[in-house]
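Accompanying notes for the structure given below.
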């Protein structure tokens, strides 16, 4: 009996992990002029309200995660600066 309960709980835990995958949304923009590239964030801590720092061709922006893959999170790092990137 205990092993059946354990198996059900384990299955529920695995399903919740699989179903909770979150991604940065895919950008609809494929290119951006260099003078328009701007970073609003460099890491997730720069964003508020549960949004993530996501990379786009026009810079890094805070976006709410989605369940569809395609976008990418900003790499951040010491060289990342907020504001316009020239």
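Placement of Cβ uses the backbone N, Cα and C atoms for every residue, glycine included.
Under the heading signal peptide, Swiss-Prot lists 1-20.
Residues or ranges marked as domain 'WAP' by Swiss-Prot: 21-66.
In the three-state DSSP scheme, residue 54 (disulfide bond) falls into the strand class. Listed in sequence order, 24, 25, 27, 60, 61, 62, 63, 71, 72, 73, 74 are the same-chain residues six or more apart from residue 54 (disulfide bond) with CB atoms under 8 A from its CB. The disulfide bond feature in Swiss-Prot is assigned to 24-54 (among others).
For 32-58 (among others), the entry in Swiss-Prot reads disulfide bond. Residue 58 (disulfide bond) is surrounded by 16 other CB atoms, counting those within 10 A of its CB over all protein chains shown.
Taking a C-beta cut-off of under 8 Å and a sequence gap of six or more, residue 41 (disulfide bond) has these contacts in its own chain: 47, 53, 60, 61, 62, 74, 82. According to DSSP, residue 41 (disulfide bond) is assigned to coil rather than to any helix or strand. As annotated by Swiss-Prot, disulfide bond applies to 41-53 (among others), with the evidence given as similarity to another entry.
Here Swiss-Prot flags 42-80 (among others) as disulfide bond. In sequence order, 53, 60, 74, 76, 77, 80, 81, 82 make up the list of same-chain residues 6 or more apart from residue 42 (disulfide bond) whose Cβ falls under 8 Å from its Cβ.
Among the features that Swiss-Prot reports, disulfide bond is placed at 47-62 (among others), with the record citing similarity to another entry.
Within the same chain, the residues at least 6 positions away from residue 32 (disulfide bond) whose Cβ sits under 8 Å from its Cβ are 56, 57, 58, 59, listed in sequence order. Per-residue confidence over the domain 'WAP' (21-66) averages 95 (mean pLDDT, predicted model). Of all the disulfide-bonded residues listed here (24, 62), it is 62 whose C-beta has the fewest other C-beta atoms within 10 angstroms. Neighbour density at the Cβ, taken as the number of other Cβ atoms within 10 Å, is lowest among the disulfide-bonded residues 47, 53, 80 for 80.
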